[in-house]
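Asker: Structure incoming, see below.
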């Protein structure tokens with residue numbers, strides 16, 4: 001059912017200068033363009049998507065696969081669309097192409113899953129419905145009909161809400177005993193940075209591990225609110241800069257810190273963004289923040305198109321608010337089973353290491369042999385597979401399909417696996433007596449995951 005908008009309410013009709021969305025678009029598109037260049041420059045396209053003989057798929061998206069040598073074309077299209085988004089050139093088409101191409105890349109192999117890839121897909125989807133090209137864009141510069149000085153305020157607020165969800169939910173996820181009581185996994189990771197100038201010696205201290213754990217939780221839970229209010233905004237933004245620069249130094253997390261530093265500028269006032277564009281416009285004329293002074297973008301909320309758009313955005317945010325809690329429908333320890341772990345803003349909360357030995361059994365003769373995983377997987381894929389149940393199941397089925405045509409009848413696949421979580425001793429992970437060929441991927445709990453036999457308290 002389409003949402004009925006109460007146009008008598010003042011909020012839907014409030015407007016602001018269009019500059020904040022323009023700055024967001026320019027920075028977001030530019031960083032995504034740089035990200036695509038990095039994939040080419042570091043050889044990641046070949047290493048992650050072309051060289052592997054097998055790719056792990058997301059449930060329901062098994063049809064999304066790398067395109068062989070055409071994968072380079074996909075990255076080129078994604079990069080060029082990101083550049084067009086930044087320039088505001090053919091924006092409406094460019095942002096759709098970027099969303100589709102980037103999300104396809106993200107879905108090609110879940111081995112490369114990262115929270116910030118998911119964030120980019122969500123933001124780019126949201127931008128499809130937002131008029132981020134109405135100023136400081138080639139579209140507005142070349143066609144005054146597309147230029148607006150003011151836009152509905154809720155368009156910028158939608159991006160603020162998206163960022164607020166990411167931070168606040170990441171903070172909620174840190175409210176667990178491993179993070180707060182045991183300083184895990186920072187206690188395992190930080191000593192490895194012993195060679196960092198100035199910081200290396202400090203990072204060996206246990207109290208620093210605890211301090212950074214608590215500071216990290218406090219930061220995530222409070223920074224959206226600090227950014228919302230003028231009196232605390234600059235303090236909050238300095239926290240953003242300090243936090244993300246520190247994480248970029250300590251951990252290999254790519255573009256994410258810079259992406260968040262750029263995106264959180266949306267919390268600053270429209271005048272601040274307009275002044276920024278005015279200064280840039282002195283050198284780049286199409287960045288003029290007022291291409292059509294006084295022109296206001298008004299929406300007819302009674303039209304089917306606007307009602308459908310607003311309804312879709314409301315459903316989008318309802319899903320963002322609820323999906324991270326889907327883990328509550330699963331039994332067992334979340335960090336152990338990882339059922340409901342992804343897409344929930346649980347950022348860098350655990351260190352898992354595992355080993356998985358697969359046994360192929362001829363169901364008729366009982367003869368068996370063990371698989372050398374390196375014959376099928378890259379080292380990175382094997383590492384990720386060894387401690388994630390859905391990876392183990394998918395790989396088991398791949399092995400069964402591989403050996404079945406080779407004369408093995410009624411192929412059965414078993415796994416002997418052990419996993420260590422957040423510094424605990426290694427323990428059995430998967431029931432080694434379960435034939436994984438008989439198990440199917442679904443949203444149902446995986447009964448063949450062995451109990452954790454420990455407790456991590458918290459959310």
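Just so you know, glycine gets a Cβ as well, placed from its N, Cα and C.
Feature list, courtesy of TrEMBL:
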DOMAIN    13-272  domain 'HTTM-like'
TRANSMEM  21-43  transmembrane segment
TRANSMEM  63-84  transmembrane segment
TRANSMEM  89-105  transmembrane segment
TRANSMEM  117-141  transmembrane segment
TRANSMEM  161-181  transmembrane segment
TRANSMEM  207-230  transmembrane segment
TRANSMEM  237-268  transmembrane segment
Asker: For the transmembrane segment (89-105), could you work out the same-chain residues 6 or more beyond its ends whose Cβ comes under 8 Å from its Cβ atoms?
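Answerer: Same-chain residues near the transmembrane segment (89-105) but 6 or more away: 25, 29, 32, 64, 74-75, 77-78, 81-82, 117, 120-121, 124-125, 127-128, 132-133, 137-139.
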Asker: Any chance the transmembrane segment (161-181) and the transmembrane segment (237-268) are in contact, meaning at least three CB pairs closer than 8 A with a sequence separation of 6+?
Answerer: yes
Asker: For the transmembrane segment (63-84), find every same-chain residue at least 6 residues outside the stretch whose CB is under 8 Å from a CB in it, and list them.
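Answerer: Here the qualifying positions are 29-30, 32-33, 35-37, 39-40, 45, 49-50, 55, 57, 90-91, 94-95, 97-98, 101-102, 104-105, 107-109.
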Asker: What parts of the chain pack near the transmembrane segment (117-141), using Cβ distances under 8 Å and only residues at least 6 beyond its ends?
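Answerer: The answer is 18-19, 21-26, 28, 32, 85, 87-92, 95-96, 98-99, 102-103, 106, 147-149, 151, 155, 158-159, 162, 166, 256, 259, 263, 277, 280-281, 285-292, 297, 309, 312-313, 316, 320, 342-343.
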Asker: Any idea what the model's mean pLDDT is for the domain 'HTTM-like' (13-272)?
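Answerer: Its mean pLDDT is 94.
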